[in-house]
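Per TrEMBL, transmembrane segment is recorded for 6-24, 45-62, 74-93, 105-125, 131-151, 163-185, 191-212.
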Amino acid sequence: MRDIKVLRTAFGILGNVFGVLLFMSPMITFKRIISKRSTEQFSSMPYVIALLNCLLSVWYSLPFVSPDNLLVTIVNSIGAGLEATYVLIFLIFAPKKEKAKICGYLFVVFSIVSCVALISLLAFHGNKRKLLCGFAFTISCIMMYGSPLSVMRLVIKSKSVEYMPFFLSLAVFICSISWFIFALLGKDPFILVPNVIGTLLGAVQLILYGIYRDNRGLVKKDEMNESIETRTGELQDKKLAYNEDA
């Protein structure tokens, strides 16, 4: 029993390390956004959902809701701060229409967290409180791991991994495995289920990266050729129009 507890703590620490790496992995993407002062085709949705998940995870792991989950509290507190920073960067550099959408998403996020917190405190106690918060946490965690599906669809459609950072996919895969083992040893289904899904989706992202990683340069070259052809056509049209006027 003691050995299992020690092993669970070890995997919890490992999950914390890879969890922080997961939350930090988009920094390369946001360095690009800041340098170009544009969000390009990057989506804010994964970061908004990740913020929701971190907030609900922190609430679920608090001692009066779910005991013996301090490591979950630590990593998700760090994650909430980082995800909030990423969303703020999107608010600064996104187009006006996108900014309005992000504000709407944030309103929904804080409304959900507030409702779960208030209902669990005022209406439920003991195991019922853990069940409510656990279900909310599990659903948000599945949404977080599933949010890159739109990016995966873009990768398949464009045959390029330009908008699916490798380190983010790798961090999702390793982090999910670590928390899966942590939950298995602690017999916590609310942590176990979403991390099984996260492991599978992380593996699919890595497979897609392996398939399309060599196409990045080809896609950029095709875009460049298309741009040159478009400009050439425009110049020819202008020349014909000028000759007709003459």
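Yeah, the Cβs are placed from backbone N, Cα and C, and that goes for glycine too.
Because TrEMBL annotations are produced automatically, they should be read as predictions rather than curated entries.
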Two-stretch contact, the transmembrane segment (163-185) and the transmembrane segment (105-125), at least three Cβ pairs under 8 Å: no
Dominant neighbour of the transmembrane segment (45-62) in 74-93, 105-125, 191-212, by Cβ pairs under 8 Å: 74-93
